[in-house]
Every structure is written in C-alpha cells, then in structure tokens.
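This report refers to the structure that appears directly beneath it.
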Number of protein chains: 6
Amino acid sequence: MARPDDRAPDQLRPVRIQRNWLDHAEGSVLIEFGATRVLCAASVQDSVPRWRRDSGLGWVTAEYAMLPRATHTRGERESVKGRLGGRTQEISRLIGRSLRACVDFKELGENTVVLDCDVLQADGGTRTAAITGAYVALADAVAWMRERELIKGDPLICSVAAVSVGVVDGEPRLDLCYAEDVEAGTDMNVVCTGDGKFVEVQGTAEGQPFDRAELDALLDLAAGGCAELTRLQQEALNR
Amino acid sequence: MARPDDRAPDQLRPVRIQRNWLDHAEGSVLIEFGATRVLCAASVQDSVPRWRRDSGLGWVTAEYAMLPRATHTRGERESVKGRLGGRTQEISRLIGRSLRACVDFKELGENTVVLDCDVLQADGGTRTAAITGAYVALADAVAWMRERELIKGDPLICSVAAVSVGVVDGEPRLDLCYAEDVEAGTDMNVVCTGDGKFVEVQGTAEGQPFDRAELDALLDLAAGGCAELTRLQQEALNR
Amino acid sequence: MARPDDRAPDQLRPVRIQRNWLDHAEGSVLIEFGATRVLCAASVQDSVPRWRRDSGLGWVTAEYAMLPRATHTRGERESVKGRLGGRTQEISRLIGRSLRACVDFKELGENTVVLDCDVLQADGGTRTAAITGAYVALADAVAWMRERELIKGDPLICSVAAVSVGVVDGEPRLDLCYAEDVEAGTDMNVVCTGDGKFVEVQGTAEGQPFDRAELDALLDLAAGGCAELTRLQQEALNR
Amino acid sequence: MARPDDRAPDQLRPVRIQRNWLDHAEGSVLIEFGATRVLCAASVQDSVPRWRRDSGLGWVTAEYAMLPRATHTRGERESVKGRLGGRTQEISRLIGRSLRACVDFKELGENTVVLDCDVLQADGGTRTAAITGAYVALADAVAWMRERELIKGDPLICSVAAVSVGVVDGEPRLDLCYAEDVEAGTDMNVVCTGDGKFVEVQGTAEGQPFDRAELDALLDLAAGGCAELTRLQQEALNR
Amino acid sequence: MARPDDRAPDQLRPVRIQRNWLDHAEGSVLIEFGATRVLCAASVQDSVPRWRRDSGLGWVTAEYAMLPRATHTRGERESVKGRLGGRTQEISRLIGRSLRACVDFKELGENTVVLDCDVLQADGGTRTAAITGAYVALADAVAWMRERELIKGDPLICSVAAVSVGVVDGEPRLDLCYAEDVEAGTDMNVVCTGDGKFVEVQGTAEGQPFDRAELDALLDLAAGGCAELTRLQQEALNR
Amino acid sequence: MARPDDRAPDQLRPVRIQRNWLDHAEGSVLIEFGATRVLCAASVQDSVPRWRRDSGLGWVTAEYAMLPRATHTRGERESVKGRLGGRTQEISRLIGRSLRACVDFKELGENTVVLDCDVLQADGGTRTAAITGAYVALADAVAWMRERELIKGDPLICSVAAVSVGVVDGEPRLDLCYAEDVEAGTDMNVVCTGDGKFVEVQGTAEGQPFDRAELDALLDLAAGGCAELTRLQQEALNR
C-alpha cells in the first residue's frame, strides 16, 4: 500500500528550517517536517542549576510542549490542569539528553542553554523535528555567545538529528506522519550524531513484538534519514 | 519626543492578519501588531460547560498564554510551575468577556467556541492583538459551522477589536509598544464593537493618577484605533 | 423602578468603618457598605520581596479572599481546591495597585505592608469596600510605624477610595448591591484619590455595549461617590 | 504563679456567643473565648457526598481555617500556598468528628450540614471555641430545617462542647490562652457531650511525659469546663 | 464474643521486629503486629530545618505512608493525586511528636533524623506499629552516629512504644486488628515511654460517647500493652 | 577490570522471586535482582477507564515508585512534593506498555489489572526487576480471575521479562548494579517476550555515542539475559 503522501518508504517529508524566527531569542528556528511545525528557541543564561554551581561546567536543558490546537481535536493545557503530563516530561527529557550529547560542558563554561520546543502544529514526528530544529537553534546560540566572547572555544563537539521509523503494513518506513503513526505495529525514534553514531534508540512494539531482523531494518532506515537531516541542518546553518 | 518607531501619536503599528495559519482548527489567525505576534485558534465543540447544559445556549471562552521565549528574557512555563499566574487568568477572562459581547448564544446553539490565544512574540499590546485576532478566528469558525449547517442563523451580532492607549511623556499615544508601555504614566486597554461602542474600558494609573481630561483624550484615541482595526479585520475576512 | 432599598440613584449605602477591630494587626478595619462586610488587616513587615531588595524602596501588596459562607450559597474554599481562582487574583491585584497609588515607597523604606481583605459577608461591591477600608488600615499601620520611629517622613501622598457604578433599568446608579449588580447592563469599578483623580477605571458591558454618554454619566456618579467615601474615611481616622 | 489574666485554675475565659452573625447562613455564630474569636457558619445542602448517596442518611462535615492576621505575625494563606497544612486538616477532621457525635443521621435525611469555622483572631483554644460555637450554629441550622419541614424529627441527640486543659508551671489549668499554651508541659483538648460523656480526648506531652495522676486531674478540669460551656450554649440558644 | 484470632482481651498480636532490613539506611526495621507490616527507616542528615539553624539543637521528624495495595482494595497514591491526605499528615505528625519525646536535642547536635514509616500491609494498628518500630530504627541510627563519633553523649532519654485499644462488643480490648477496628465503639491510640508515662492519648468515640470508667479501663489496657512492647523492643535491640 | 561482584559480563545477579508476599493483592511478588528489591502487587478491578468503557476490552496499567530510603541518600517523597517526577512517570509508562504486550484484552473482558511496583531497595535495574516481577504478579492475578471464573479464556498470550545492559570500561555487560550504572558509557533497557522477540529497546548514550557494533553486542547480551529471566519466572510460577 502506498504512503498517504506517496513517498518512498525511505523518503523524508519536505523539511523546512527557518532560522531567526524570533527577535529576542539567542537562537530560534521554525522547523517543519511536512505539516508538523515546531518552534525551537534557545535561551542563553549566565548561570547553571544549583547542583552544578562552581563546577566550571555548563548545562543544556529542554522543555517540550504542544499548543492546545496543534492537534486534530483541542487538548487541555497542562498549565490549566496544573501538572505536566508524563508524555511531555518524557519528551522534554529525551530532547535534553540528545542535545547534551553534542556539547562539551567545559567549553560552555558556567552557562545554561534552555531549548524550548513548542509544537505549533502536530502531524507525527514532533519530538524528532524538535531535536533536529533544537540543534540548529543551539548552534546559533553558541555562535551568539562566541561573537560576544562569552566563551572562547567551541562547545559543539558534533551535531545531532532525529527521525522516527516504523513498520506499517509490514513495511519499514521513514519519518511517519500521524496517519501512519497510529497504524504502525512498531514505532522507533532514533537520534544520531552527524557522523552516524547513535545517541538514543527508543523502539516500542505497539502491536506485535518485533524480531531482530525488523529491528535491524529500522535502524538502517533511521541512520539514512538522520544523515539526510544532518545535511539539511548544515545547509540551513550555511545560509 | 518621537516614538521609538517614529509613528504619529494616533497611528497604529503595521497590522498583519494571516487567516488559516493552522490546518486543524476551525478558525485560526496569526495576527501581528508590529513585532507582537499572537496565534489565535478557534475550536468548535458540540457541547457546553456543565452549568450551561439544556439551556439551548452556546458559550465562548478564551485562554491566553505566552511562550517562554516570547519576551526579552525567558519566562518560566506556567505548566512547569503548576499554576496559572494572575496576569494570565486576568487576560484570559478579558478576552472571553470581550468576544462574548459579539455573540448571540441562542443562535450558536449548545456549542462552545474556545479561543486559544498564544503569544509567540511579545512587544506590548499582546492582549489587544489577541482580542482583535480572536474575532477573526471566531468569524471563520462561525462560517465553518454555517457551511456544515451545524447552525442555521448568524450568531455574530457585531465585531470587536481592541487597542491599548497610554500617556507617555505627557502625550496620549495609540497602540504602545513595549518600550513605551514601561514608560507610560497611564495605561488603558479599550475594547470596542465595530459600530464604536465600548465593551471594556480598563485604565490604570501606573505612576500619577489621571484626571478626566486625560481620560477623555485616551478614550478618543482608542475609539479611533479600534475603528481602524475593525476596517483591517473586515479586509482580512473579505480576502 | 425604585432601588431595592429605596436609595436615590446617586446615594451610597450606609457605610460603617470600625478601626482596630483586631488586636494583633498594625492596622485593622471592619468596613461595611450596607450588608457587605470586609475585614481589612494591615501587616507591617520589615523586609521587601526579593526583587525589591537593596533598592531603598518599600512595597505594598494585597490579598483578597471570601469566606465560604459570605455568599447566598456556600462556595468551595480555594485552599481546599488547591488553587486561587482568576477572580480572586484579579481583585487582589486591583487592590494592591490601587493602594500603591497613594504611597511614596522611598519614604516607606524597605518595609512591606500587606493588606489582607477578607470578605465576611458579600452583597455587591466587595472589592470597592475592600479598597476603601484597606486605605484606613494602611493609614493606621503607617501611623503605627511613625509612632515607633520606624520611618521618619510620611509615605502617604494621598488617600484612595473606590465605588461601583452601573446602569440598571437604563438608569446610572451608585454603589450597586448584589441584586442590582446581577441586573446591571454595564458595571464599572472606579478608584479615585482623595483629590478626585482616577487611579483605576474598569468598565465592562455585561449585556449591551455602552456608548460614550453612558460612560460619562457613570464616571460622574463614581467621582461623587468616591468624594463622599473620602469624607467618611477622614471622619473615621479623626475619631 | 498567677495566670496572665488572674483567672482561677479552673475558670474559663469570658465566653460570648453571638447568634445569627451572618445574613445568609442557615446558622451562624461569632464565638469568643477571651480574645479568641471564631466565626462558625452552618450551611445546609440538600444532598450528601457521593459515597453516602441512597443510604437515607445525612452527613455533617467541617472546615477550619485561620485568617492570615488572626495571629501575632501574619501567616501565609493556604490558598496561596496551594495546599492545606497538616494542622488545618487535623483540626477540620476533629471538628467534623465531634459534631457528628451529636447527630442522628437517619433523622437528618439525605442532607449535609457544612460547618465552616474561620478564626478571625487567635489567642489559644481556637479548635475548642470552634467546636463549641459550631454546635450552636448546627442547632440553629437544624431549627431552620425543621421550621421549613425539610426534616420531621429532631436529628440532635445531644450537645457537644470542647475545652483545652494543660499543665503550666506544674498546675493543671482550664482553657489556656496563647501565652499559657506555649508554656504548657502537657496540652489536652477534650470534647464532651452535654451529659458529661467523652467524645474526644487528645492529650500530648509537649515537654515531659505525664503520669496517670496528671491525666486524671486534667480530665476532671476539662469535664467541669465543658459542663459550664454546655450551660452557656443553652443560654445562648434560649435567647 | 471471641476475638477473630482467639486472643485474650489484653493480649497483643504476635509481634516481630527485624532490624537492618535495608542496606543503606542508618537504622531500619520491618515490624509486624500480626498481619500489619511496616517498614521503618531512619535517615541521619547532618543539618536541621531552616528555623532550627544555629540553635545547637537537633531535630526528629517522621513521614508515614501506605503502599496502594497495603489494604483490601487498592487505594490511589497520594503522589498521583498530587496532595497528602489529612489522615496521612495527622499520623506523620503523631509519629514525629511521639519520637521527639524520647530525644534530648542538645545531645543530638545539629543533626536531623527522618523516620520513614511505610505500611507494606495494613491490618489495623499501623500507626502504633510505626511508632514502636520507628523507636528501634531511631535507636540503631543513634548507635550508628555514636560509633562514628558524630555525637558524643546519648540523645535517647527514654524509649517509646504505642498500641491501640478499643471497646468492641462492650469489651475493652488491646491491639485491635482491622476487623475489630471497624466494629469498635471507642478507639484509642496511646503512646507511652518505657517507664510507663504517657506521651500521647488520643481517644475517639466512633459510635457512643464513652464515660470515665471506660476511659480508665482502656488506659489500663494500653499501659500494659506498651509495657510488653517495650520489653520486645529491648529484646530486639539486644539481639 | 572485574565487576564489583566478580560476575561474568553475561551473568545475571542472583534473582529471587517470592510469590504471594501480600495477603490482600490478587497477585504479589517480592523480586530481587541482587540488592535491588521491588514489591510488585497486581490488583484486579472489575471496571475499565472511562475511555475504554463498553468496548468489551480490558486494560493493564502500572505505577512505579521508590520508597524514600531505597537509595543511598534519602529522596523526598513525590506525595510531599505534590507532583510526580518525570522519571517516575516515564518508568510507570514503560512498565505498563511492556505488560500490555502480553495481554489479549478481549479475553480479559472489561477488567483492569493495576500493577504497583514499589522499590523497597535500589541497586540498579529497578525498572527491569519491576517488569520481570510484575509479569509474575500479573500471571497470578490472571489465575485468580480464572479460578473464580471471572474470565473464561486465557488473556496471557506470552510472558515478558526485562534486563539492563551497558558498556562499562569498554566491555558490554549484563544486568548492571548501581556502581556500574553510574560508570556506563551506554545504558540500555530491553524488554523481551518469552519467545525472544523485542517489546521495548531503550538505549541511551550517557557519555560517548555508540556505533552499530556496540548496539548489536548489547542486544545479544540482553536477549540472553531475558531468556534466563524467562526461565526463572516459569520456575517460580511452577512452584
């Protein structure tokens, strides 16, 4: 069966990366994976969390959230509910861990970069778009710090990008949209560095458990997708 | 003294109203008052709050929020803090009241329209931009309902628009940007209907108390600004 | 149509101001506007909020709340619900802003006065009674500080009083009781200084939007009511 | 050593019970034990909690709270903190249990009486004043129900009153004021029925553990105090 | 009528005290009163709460909780509900007060011992088992501190143990199991020191109010039960 | 370098599975992976969450928590903090998803099994011990339902077990204890079915990103560990 938008199984959706979408943030990116649209803002703070003080080391953290009408039907705001949902915290933690993988905290000095990833519209793959966009926002924030000589060296030791893969109708596919995501028997999110190593592999059997052959096929697809996203990140940063 | 962007005292900032900015919402508008940028989404729900059930009447409500990096320095998320701030609730209530002023709830039937106003970037006048944009999103949501024959008549009995006015350096000015807002001795937000009547008048002496002459001058300015915003709303709706 | 208690349209309800109703508070007032009864307590603290430290400036803040059985039917406690309602926060902010209008923070030194306004019984106009009573409690707290030579000069630069006005049955009326408040087409709360200037003007069209003539009539009524309340405050302070 | 107000060890402070202090509540009492002042409001509701429905039985519950400036120094509001303190919940539960001891829930039918006990001023013994006052408010609320024929029989099977006792300077004393309470080695709150039986006995060694002789002496004192309070309750109800 | 487990009215359930049940805690005890099973962990912290700093005095506090399936039907977690229940706080406060009765805070120095009492299985008497077990855990934690010479003297001035008593079918009984507890007309928890003095006496009439004779009988039973528990505590500490 | 307990790299810690550790729960297991000790209780409820009603399908959910002194230093209770941490929610979600993989919800009927996994002592691998133990508790709860003929068929379609693997000192190792976990460059949790398929694969680069060869080696180790745990589960269930 064809994909909803007639893509090849190993093809990404159209990706669009707009830098400097905000005036105030030290780095900001509006990233689109097809109809998924995430606003990533990097904020530089000249301090670190209490447990990190006087270590000489910096910190990078992330917060993920969804606007109430990013989805087909309106979701209640977590600020109104008065508590963060488990999914929100889980994704925020994933984004933070992923981005910390590309940072040398000694070079960052006792500064914190907060990455706010707000989903303006959701059509599957919001966490992977968020990670991919947040890297570009982080790179811009680091450049901003270097221009102002707030740091001397380069704290970025690699780049990171992320993509979802899944088995739909028995076929391994790259970068699932929402309609595919709900059909997927296996769903995996993979975060890679620019040189093709793995930072996070999170695979879940939504329906049937998966065997090693399926797992291998999905990892191959994901590695290819991340390589393409790495190229698009560099292209955006060179503009 | 000249205004930061050299506007005349009675001149609005450039206003931009983009309709249908979201794919899923029944009405959606990205409205800009200069650098202030608010995403207004109207969600139609075929039910009403418990206290309104079996009344035959509809309901309109609003929720206002700011992305953490909408402002010069990053603000903490209210979802993370676990409670809504007083300012957020006050503005949400103002937007809801203002929009309800233009709705005939009998014609709306037992449906609710939720207006989510999320500030993507803030440069003063976020609540007035939100009201002005939310009206356009509401009009689109009502049209969506009428097309699907979910309602028969027209629940919109008028339009509403809002603008801020204030006294800066002794001069009454229209549509303050953030830099003027912090300087203003008196700050007022005014919501008017399309035919020039008042829905809300909220004036606050930030520094010196104001006399009746100042109040009158501000009300005149605001009425003119709202008339111009009404024209821009109609223009957008006719596109 | 006559008013429920046969008052003239521009007549206040009987106002009663009892000073020193509490033994511990530095200033305390039980104020009554007819059946509305608000206990206002002023607490002097020899510190200021964190963001105000080392500024040499003082602070005044207010908290408004209602006892559960102040109203016709029992309301749930906000402490039990675990969150402050929007109305409570909005009124607390209004009272705080209004009282700050009469204070010279330099003269107050790095001290804070907290004004607790607890509604023991509600019959309309609770926020305006709270502001009017809180001023008297504040004046007593300031006198208490001066007696103990905690401050040298006089931080009170003016007095403030507040009253509600509204259009009921087409007639502009002063100081609405609850029965009138629910009938009012337009509802306005006005805070004035003792010399007749405006500190806050908050007008809301509950039903029909209002025109400039109505607005002008209401402002006239409110100014007269505040002048009378100012006289009663002085009378109480001179006792 | 003499007591701060020269009372005999077995003497109550002056007790004042003002009925119908509120206009809306079905029963309301302002009770004073010396400088301790508690407003007790009884609210009748024609329903019962979910777990009690269709049992044919009524319910009585209580909520205790303190105004922020009831005490020598201002306390933070629990509504602002967003959570009820342990002490508040403990006392609310005590008051509810105590008052339920005098009610026949079958005679009450599926109605609830909520007893709100708000401490306006605190000088020791607030929980015992609350219980003593709440009984009178409950009796008035029951009379209100009987007048309206909402119930037929009499759900009140006895009266309850409460008093604190403690050992100060080695001397057992009745009805401690705040200054004595902080000095007391042993502190006990006792709730009795009008015919002298015990409903609650809560004794705590604040300093030294107490022996059986001390316990016996305190129980004797408390029983006498409750008998006197029972007489004052009846006197108030007969006025 | 016989007791569910055929005990004599003045007989405890089988008591089992296992010390050092945890590897990390400075003191830990798994205590069983029949089927009631409570894990008591004592944690030593080299600091005191803010209000206690620079006093030279230590502190002891306790937290009580129940696992969701400690009971016959599953209870919701308080962490999931987002708030501590009144019963939980009340018992935590009781345990803390009881254990503080046996500590000389000067000898403890500016250290805190936190006593966590988690009910793994509940069959009545969980709070009394918790106090009895917590004392043993505290004694082990104190010994741990003395071995490491963190303190020089002995901060334990006595021991404490606790037991429940109640009137079931008109008969005063010691150490009620759950089935008896729900039947009890009067329910009392008593905390005694090792030398037979009272630390806490908390008696509640669940059904009928009780007279002095019943109260005396219950106090006698409880004193005997606590004496036996004291013996078992010493036996465990001597192993 | 040798492992802290001299295990072979592919060797599990001693595993102990005690069934029926609780009297009330329909299934309960105290599982130990070395010093890690988790109490898993399965509670059967004859209803399903609201969104699942009238579907004819059952539900399985899980809640994970840690006692405050399970760890080397005491952690604050989430019930006291008033909010669930991200880690807690993430692990609860993982356990629930994993256990749902072995259930045919049609055969379960409209019943819910709640799996409470409370960590009594933590030494690494708490989430994998929880999943492995929860399966045994679930199997016992299902047997309990079948004995009472609450369900007819067998809702268990497979078993699940889980283990952690990681790269420590360059060496892939099975079932990390806490001391190894903090040293691990890569950390992975793997959930497998009894027939060797994958349910969850969650790998995280704590330090250096990992390549495909390392990933493959870890997956091999984990598959072997899960097979051994499956055998131990069956052995326990056959006792």
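Cβ coordinates are placed from backbone N, Cα and C, and glycine is handled just like the others.
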Quick check on the annotation: TrEMBL has E:GLY125, E:THR126, E:ARG127 binding phosphate, so which of E:ARG83, E:ARG87, E:ARG100 does it put in that site too?
E:ARG87
Is it possible to get the count of other C-beta atoms within 10 angstroms of the C-beta of E:THR126 (phosphate binding site)?
25
For the phosphate site given as E:ARG87, E:GLY125, E:THR126, E:ARG127, which other residues of the same chain have their Cβ within 8 Å of the site's Cβ centre?
E:TYR64, E:ILE91, E:VAL119, E:ALA122, E:GLY124, E:THR128, E:ALA129, E:ALA130, E:ASN189
Please state whether DSSP places E:GLY125 (phosphate binding site) in a helix, a strand or coil.
coil
For E:ARG87, E:ARG127, listed as binding-site residues, tell me which one has the smallest number of other Cβ atoms within 10 Å.
E:ARG87
Mean predicted confidence [pLDDT] for the domain 'Exoribonuclease phosphorolytic' (E:159-223):
95
Rounded to whole angstrom, what's the largest C-alpha distance between any two of E:ARG87, E:GLY125, E:THR126, E:ARG127, listed as binding phosphate?
14
Just jot down the residues in the same chain as E:GLY125 (phosphate binding site), at least 6 apart in sequence, with C-beta under 8 A of its C-beta; none if empty.
E:ARG13, E:PHE33, E:THR36, E:VAL163, E:SER164, E:ASP175, E:LEU176, E:CYS177, E:ASP181
Checking interface proximity: list the binding-site residues among E:ARG87, E:GLY125, E:THR126, E:ARG127 whose CB sits under 8 Å from a chain C CB, in sequence order.
none
Take the domain 'Exoribonuclease phosphorolytic' (E:11-141) and count its residues per DSSP category (helix H/G/I, strand E/B, coil), listing them in that order.
45 helix, 41 strand, 45 coil
Going by DSSP assignments with H, G and I as helix and E and B as strand, what are the residue counts for the domain 'Exoribonuclease phosphorolytic' (E:159-223)?
16 helix, 30 strand, 19 coil
